[in-house]
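Enquirer: There's a structure below that I have some questions on.
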Amino acid sequence: MYRLAAFDMDGTLLMRDHKIGSITLNALHQLADAGVTLTFATGRHYLDMKGILSHSGLNGYLITGNSTRVCDAEGNPLYGMDLPAELVEFVLRTPWQTNASIHLFRDDGWFTDRNDPDLLIAHTTSGFHFQLTEWDELPLTGNHKFCFIASHQELVELKAQLEQQMSGEADFCFSATDCLEVLPRGCNKGVALEKLSHHLDLTLADCMAFGDAMNDKEMLSRVGRGLVMGNALPQLKQELPQLQIIGRCEQQGVAHYLHHWLSSPHLTYSPEF
């Protein structure tokens, strides 16, 4: 039996309205009652996640900011990584050939120089919001990650620029088709979950994980059982063909799988609804 379950949020636990469905909530509570440690592994900020979990009546370990921070259920930090100050300065001062908006995340919040209220729709439950700033007003240290937001094709072109200029100095991943992230080198959900597992005297083989995007790849590929959402990015499905595909987030596919696993863990699972 798996002793820890790690869940991505957007496109996995959350439905298209950015909320956790009632069937999913029920399944998560059943899982916790069965003695399985809940872990939420997401690109979202710690403050955002605490609001979501409080609203939902859930508790668990948190891997946030795409693994730049790991906290226990009480919010105590267990592990963290920041971008090097010189890299932050380089990203902010380089005139990239793009119309993408840029967003910087720190312990004290989400910062941007572009006011786009539409981005707040995904954070209605928690009330988490960006803070408008001038980039030269922020410290160059203590920064978790950058996000660039634009159309996918524009971000593909930007990623090529970033990789050419910063090859080997940072990691890049698509947490959504319209969101490109710049992360500390070697920072991913697989590494973070391994550190958390060690803290809990577990191994990755003791874990199951659910995800839908490229920032979930390392986590899904390294755990004892990785489950790919039906709505996952095509690239993720292509790169992890050995993993089982379950239902879609809008169908509360995670709950469907968990109910099956809790009641009939040794039977073959079918994602049909």
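Using N, Cα and C of the backbone, Cβ positions are placed for all residues, glycine too.
The feature active site, nucleophile is assigned by Swiss-Prot to D8, with sequence analysis given as support. Annotated Mg(2+) binding site per Swiss-Prot: D8, D10, D212, in sequence order.
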Enquirer: With a 10 Å radius around each C-beta, find which of these recorded positions (D8, D10, D212) has the fewest other C-beta atoms nearby.
Expert: D10
Enquirer: What other residues of the same chain, not counting D8, D10, D212, have a CB atom within 8 A of the CB centroid of the Mg(2+) site?
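Expert: Same chain, not in D8, D10, D212, Cβ within 8 Å: M9, G11, T12, L13, L14, T42, S175, G211, A213, D216, M229, C249.
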Enquirer: Which secondary structure state does DSSP assign to D10 (Mg(2+) binding site), in the simple three-class scheme?
Expert: helix
Enquirer: Given the residue listed as 'active site, nucleophile' and D212 (Mg(2+) binding site), what distance in Å do their CA atoms have, once rounded to a whole number?
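Expert: Here the two Cα atoms are 8 Å apart.
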